[in-house]
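Feature annotations, reproduced from TrEMBL:
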type	residues	note
DOMAIN	4-387	domain 'Serine hydroxymethyltransferase-like'
BINDING	Leu117, Gly121, His122, Leu123	(6S)-5,6,7,8-tetrahydrofolate binding site
SITE	His225	site 'Plays an important role in substrate specificity'
MOD_RES	Lys226	N6-(pyridoxal phosphate)lysine
Amino acid sequence: MKNLKKTDPEIYNLIKKEIRRQKDGLVLIASENYASQAVLSAMATPLSNKYSEGYPSKRYYSGNEFIDKIETIAIERAKKLFKAEHANLQPHSGAQANAAVYLALVKPGDKILGFDLSCGGHLTHGSKVNFSGKLYDFSYYGVDPKTELIDFKEAREAALKFQPKLILASTTSYSRTLDFKKFREIADEVKAYLMADIAHIAGLVVAGFHPHPFPFCDVVTTTTHKTLRGPRGGLILSKTKDRLDPKGKFTLAQKIDSGVFPGIQGGPLEHVIAAKAVCLKEAMKPSFKKYQKQVILNAKIMADEFLKHGLKVISNGTDNHLLVIDVSPFGESKTIQDELAMAGLYVNRNAIPFDTKQPYNPSGIRIGTPAITTRGLKEKEARQVACLMAELIKNISSRRIKKQIKPEVKKIVKRFPIYEDFQW
Ligand code: DSN
């Protein structure tokens with residue numbers, strides 16, 4: 001750090017400011033968290049220098065004896081934690097993980113059935129502006145307009161009509177439990193692969209607070225930095241055998257591995273893989289289970305408080321770490337997001353089911369509790385935070401209210417510090 005301060009003060013000072021911003025605000029972005037110092041330490045190492053194209057003991061470069069050991073430990077930990085037959089730790093991100101799976105299982109132009117983006121699907125689940133929507137023929141299922149829960153009748157009918165090769169049981173802003181068994185029944189009916197992108201709920205799944213995608217799914221992708229609280233990155237878990245091609249030349253595990261490398265990536269980020277190994281070990285501890293339980297409790301309390309304030313919470317609540325609110329009666333979601341940020345409350349704007357507004361300025365905001373729970377906030381404080389947010393949202397033009405909220409946020413941040421011993 002001292003060295004960076006001297007050699008590049010411009011970047012050093014900006015990093016310092018960003019660390020300060022993270023410490024001084026309440027991060028309520030559902031996909032963000034505070035990785036441990038152990039995770040951060042593993043990333044900031046000369047492992048970043050190494051080329052390791054290939055897989056443990058099958059590399060294209062020399063000098064990988066220690067890297068092999070690290071990646072093998074990461075693979076074994078992922079398999080154990082996720083009860084998976086096969087794990088690939090190399091995807092640089094969740095988007096890369098999804099791209100690798102598509103490359104492994106389907107061909108350009110093939111049919112994939114995904115979850116409607118406005119209902120909570122992700123960009124890589126078939127958005128027209130994303131590679132997924134451009135390369136593959138996507139169709140979608142959505143939510144019931146009344147309950148705002150996944151409409152399995154619609155999903156089944158869509159699958160029977162569309163005959164996809166791959167079905168995604170995958171979400172990015174859906175606050176309810178996913179029924180992987182029901183998805184599997186549909187996939188079986190149309191002889192499709194079933195993939196779950198559990199980027200958001202991975203921590204909940206391994207802690208036992210969300211039904212497990214295995215044995216129902218063929219492949220599972222996730223990021224490692226959301227509820228899992230690790231470094232920014234992705235990973236893929238799968239079965240070994242290919243259910244739809246049992247006598248094929250390659251197993252499902254081999255297809256996935258070659259989908260990642262050489263399919264879509266070159267050299268893996270071994271410093272990040274080391275940090276993934278560290279986070280997977282952390283996720284095996286009883287304290288991680290306790291943490292995930294609190295994440296959900298905090299989200300439920302926040303949903304309850306928003307409802308008490310008369311705000312519309314999509315699907316009327318949450319089962320997981322996030323909730324989506326319709327803020328359209330009070331103003332533009334972009335303005336609301338920015339005003340909340342000025343008060344030190346970070347959220348992201350989000351589409352709501354059947355949204356009629358444009359993705360850049362949709363009708364909702366998404367709120368998540370992983371990061372505030374890492375700071376140590378419990379039900380009482382989560383309720384207080386939701387109350388402050390609701391007051392601000394409902395009075396978005398009131399200078400008086402804005403003035404009142406900011407010092408309250410500061411008090412909470414001070415009571416629940418983060419990265420206190422972080423040397424920067
Ligand atoms: N952008 C992430 C999220 O916020 O959910 C998903 O990739």
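Cβ from N, Cα, C; glycine included.
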Least buried by Cβ count (within 10 Å) of the recorded positions His122, Lys226: His122
Binding-site residues: Leu117, Leu123 - member with fewest neighbouring CB atoms within 10 Å: Leu123
Neighbours of Leu117, Gly121, His122, Leu123 excl. site residues, C-beta within 8 Å of centre, (6S)-5,6,7,8-tetrahydrofolate: Gly114, Phe115, Gly120, Thr124, His125, Gly126, Ser127, Asn130, Thr172
Gly121 ((6S)-5,6,7,8-tetrahydrofolate binding site) to His225 (site 'Plays an important role in substrate specificity') - Cα separation in whole Å: 18
Between Lys226 (N6-(pyridoxal phosphate)lysine) and His122 ((6S)-5,6,7,8-tetrahydrofolate binding site), the C-alpha gap once rounded to whole angstrom: 15
Residue pair His225 (site 'Plays an important role in substrate specificity'), Leu117 ((6S)-5,6,7,8-tetrahydrofolate binding site) - Cα distance, angstrom, rounded: 21
